[in-house]
C-alpha cells in the first residue's frame, strides 16, 4: 500500500500520547534526586599547624597549641571548615520506630489517658530534675515517612526520595557519604542492635552488629527483647564510640492494633523502662539520644505526609557535661530530622557528610570546651563548618545537575538564583571573621541559618513534595488517550480504519498541528501556571492530539455508532471480567505480592474456556466414543492433550518464580539471581547462581528443532540464499554458543578459561542477531523460486513423500533426456517454494534467533521460563485459531481478526512471562548481570548499552511477544497449512496437501477467474507407485471490494489470502496493534490510579510504586516492540509484492 506509512505514524502517535501521560505522572509522583558520590574530609585538630601572622613576609606553618592554635583559627574562620575537633561525647542513639511526638508527653492532670498517653514519664522526670542536661524536641521528618527513607535521612542529612539515582541499584546499600561511613573512616568503634534495615543500608560497617528481621509486624517483642538483653552488655564493654539500637515493637504494634490499644501502652511502658535503665547505667561523658524515625496515623499506618506521620520525638540527655543553652538555637522546640546529622557529626568529631542539608542544633551538644576557645567562638566554628559543607554541596549539585531539572541545562532564572546565592554566601564569608561578641554571634547565626534554610526549602520543593498538577495531568492524558483509542479502534472495522487513516494528507496536518500546540505550550507555560516548559510542551501536544482524535471520531461517527449498535454486549463476558480482575491487581498490595499466581490461574482459565467453546460447536469437536481408535483419531482429544500440555507447562513455570520479601513460605527452588556491582563480579556470580544442568540447554535445542521442522515442512528452508542459510544454521550456532556460555561462564574462573573466550561466545550470538536484522532490512523472504526453464517443472505439493529432492532430480533427468514428465501444457509456470507461509516464516525465523539472544541475557535461571512461555503461546494460538476459523463461517475478515480473548491472552502472557523468567517488581531484585554478558573482558562503561541489556533481560517476554504480534493474524493459516484436514469445508477444486509435504506454490498472471476456478490440480504417478500433486494457484487482489465472499476464501491457500486482500490484511494487523496498545494502556492507567489512591498507604513505596515503575517501563518496551513488529510486517509485504510483480513481468 502506498500509504502504509500512515499506519506507522498513527501507531507512534498513540504510543507517544500514552507515554506522555506516564511521563507527567512519573514526574509528579516519583520523588527523584541524583546521589552524589563526593566524600567530606578533614584534618584532626591535633594535627593542625598554625600559620604565622604574616609579619616580616613569613607565612610558614609551625606546630602550635592552646591559645596560639585557637588564635590562628579565629584569624580566618574559613580555615575551620577543614578541621575536625575532638569528640564531645560518646553517643547512644536509641531509635524507637514510629515514636510519635505526643507519645513522649506527660500530663499528670489527665484522668483518663489514652493507651499511648503518659507512658514515657522518664522524659518529664529528667527534664524536671536536670533541665540543663535534658532536651525534648519535636522531630519533624520529610515524606515519604517509610523506615528505609527516614534512616537515609538521619544518616546522610539529605532529603531521601523514592529513587536515589546512584551507582548501584542492585542492593539498598547507601552509596553516598553518610554518618556511619564517616565514623568508620575515623577509626571509631560503632555497635548496632535491632532492625536489620540498618545492616542492609550499611553492610559490614559496624564493629559489632546484632541484626534481626523487621518484616513480621505481628511479632511485637522478639527484636525488642533481644536488644534489651544485649544492650547492657555492650554498654559495659566501654570500647565503643557509637551505639545504635533500633526498637521495632511500637511500630509493629501500631500496624497490628493501632495506637489506641492496650498493647501500645505495654510497649511504650517497656521503652520507658529501657530509657530509665540506660540513663542509670551510662557513664559520664555519654549523650543519650532517643528518636523516632517517623510517627503514625490514628490507624497505625505511616508513609504519607500528615502531621501525625511526620512529627516524631527527640529526647536528649547528657550525663556529666551540661548542654549548650537553648538561646544558641533561638529557643527552638522543633527540629528537622536531617538536622541530626551535623549535630551527631559534631558530637563524634567527624566531618559532616557531603550531602547533608541539615543545620547543627547547639542545644543538643555538651558544653565541652577546647583549649582557649570561648563557648560562642567554638559554636561559631562548628556552625561555619556546617555552612561551608552545605554550600559546597549546593554548588556541586547546582552546576551539573540543576535544581529544577537534573536532566537539562540551566535556565536563566536558575542561573540567577545560583548567582544570588553565591553573592549572599560571599557576604557571610566576610562577616564570619568579624564576630567578636556573643551578641554578634547570635545575629550572624540567625542570618546564616536563614540562608541555609532557604537552600533546604528549595531542594524540598523539588524532591519531597508530590506535584498534584503533574499527577492529575498525567492521569487525564492517559485516560483520554485510552478513551479515544477505544472509540476509534474497537468500533471500526479494518476497512474503515484503512479509509480513516490513509485518506488525504491527514497525517501531515495532524503532525503540524501537534507541533504548533507544543510550541504554544513552550511559550505560554508560565501563563498557564505550569511547572516547566517541558510540562507545557507535553500537555499542549497531548491535548491537541486528543482533540484531533475526537474530531476524527466525529467525522466517522456514522460508521462508529453503527458498529457500536451491532456490538453484542454479552459476548466475551467472562473474558472481560477476567481483564477487569487482572487490572484490579494494582489496587491491592496482597494481590501485587501474589500476582504471578493470579496470572497463572487466569491463563489456565483461558485455555479451558477456549476448549469448552470448541466442544460446544459439536461435530468433530464432540466427545468421541470411549474406544482407543476413536479417541486417537478424535480432533477434540488432540486439543485436550494440547491443553493439558499447556496447563502442565504453566504449572511447571511456577518453579522458576523468584520470591519477594513479603511472600511467606516461599523458596527459590530453581532460581537464584544474585546481584553484581562490577563486570567481573557479575560474570562470576552469574555462574554460581544455581545448578545449570542440561534442562535449559535441552529446552533451547528442542525449541530450535521444532521451529526448523516447521519451516522445513512449509518449504521455507529451500534454496541457498543468505536469509535461508541464516534461518537454517544461524539458530543452531546461536544455541551452541549460548549453552556453551552458560557452562563456561559457570566454570571459567575455576578452570582457567580466558575471559575473552567466554565473551566471544556471546559476541557470536550478538553478531548473528545483527546479521538477522540486516537480512530483514535487505531481503527478508524465505522463498525459493526455481530457475526458469523451457521445460515445465511443477513440484508444488509433495504427495506421500516429504522429501522434495528425489522428485526434482528425476524430473530434471527426464527433461534433460528430452522426455516430458507430465501432460500439462508447455506454458511455463514459475515454481515458488514456501509461498503459503511467506509472512509467518519470516517472523518465526527472526523470533527464533531473538529468543536465543534473550535466553543468553537471561542466563540459565530464566531460559526455561522463556521457552515455557513460548510453548504456552503456541499452544493457545493453535486452539484459538481453530476456534476462530470455526466461528468465522469461512469469512476471511472474521478468520484473520484476533478475538478479544486472544488479544487479552497475549497481553497476560507478557505479564506472566515477566515472572516466569525469574523477575519480581522490586528494585532490589533487578538482575544487573545481563549488563555484563559479553562485556566482562573489556567493559566499555556505556550506560546506554548496559541499560538496554538489562531492559531486554527484565522485559524479555514483553519485547519478544510485542515484536511477534503479527503472528496473531497469521496463526490460522499456519495451522491449516500444516494440517489442512482441519479445514471446515473441503475445497472440491483443490485437494488437500498431504501432511508433511513441502509447501510450494505457483503463480499465474492475475487474470480474473470464475467461481471455483481459483486453482488447478494435476496428479502424476511416480515410478515407485506414489503420487505427487502439483497445485497451480491464481493470485489476484480484491482491491475494490470491502469484503471477501466465502467462495473466494480458501484457507488451504495459506497466507496468499492475505496478499490478495491487502487492505483487509494491513488494516487488520494495524487494528490488532492498536488493540494491544490499548489493553496495555488501560493496565498502566490502573497502576497510575492505584498509586494516586494509595499515595499515603504504608506500602506505597515498597509495593505500589515499584509495580507502577515496572508496568510503565513494560509499556514503553511494548510500544517499541509493536511498532518494530509492524514495520517488519510492512517490509515483508513490500518484498512479497515485489516478488510477485517480478514473476508476472517475467512471464
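Note: Cβ is positioned from N, Cα and C throughout, glycine not excepted.
Whatever TrEMBL says is automated annotation, not expert-curated.
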Please find, within the list 436-453, 598-615, 616-633, the residue stretch that TrEMBL describes as transmembrane segment.
598-615
Looking at 413-432, 573-592, 793-812, 913-932, which one does TrEMBL call transmembrane segment?
573-592
Given ranges 470-490, 659-679, 995-1015, 1016-1036, the stretch to which TrEMBL attaches the annotation transmembrane segment:
470-490
TrEMBL annotation of region 'Disordered' - which of the ranges 957-989, 990-1022, 1056-1088 it falls on:
990-1022
Name the residue range among 384-403, 864-883 that TrEMBL annotates as transmembrane segment.
864-883
Positions on the same chain near the transmembrane segment (829-858), where near means CB under 8 A and six or more residues out:
696, 700, 703-704, 707, 710-711, 714-719, 723, 726-727, 730-731, 734-735, 737-738, 741, 762, 765-766, 768-769, 772, 776, 780-786, 788, 792-796, 804, 865-867, 870, 917-918, 930, 933, 949, 952-953, 956, 959-960, 963-964, 966-967, 970-971, 973-974, 977, 998-1004, 1032-1033, 1053-1056, 1058-1059, 1125, 1128-1129, 1132-1133, 1136, 1139, 1143, 1146-1147
Same-chain residues near the transmembrane segment (890-909), Cβ under 8 Å, at least 6 residues beyond its ends:
493-494, 572, 575-576, 578-579, 582, 599, 602-603, 606, 609-610, 869, 872-873, 876-877, 880, 884, 957, 961, 965, 968-969, 972, 984-985, 1043-1044, 1046, 1048-1049, 1051, 1057-1058, 1061, 1064-1065, 1068, 1071-1072, 1075-1076, 1079-1080, 1083
So are the transmembrane segment (950-976) and the transmembrane segment (1081-1101) touching or not, going by 3+ C-beta pairs under 8 A with a sequence gap of 6 or more?
no
Would the transmembrane segment (1081-1101) and the transmembrane segment (636-654) count as touching if the test is at least 3 Cβ pairs under 8 Å, pairs 6 or more apart?
no
Can you tell me which parts of the same chain pack against the transmembrane segment (573-592), counting only residues 6+ beyond its ends and a CB-CB cutoff under 8 A?
598-599, 602, 605-606, 609, 662, 900-901, 904, 908, 911, 921, 1079, 1082-1083, 1086-1087, 1089-1090, 1093-1094, 1097, 1099, 1103-1104, 1107-1108, 1111
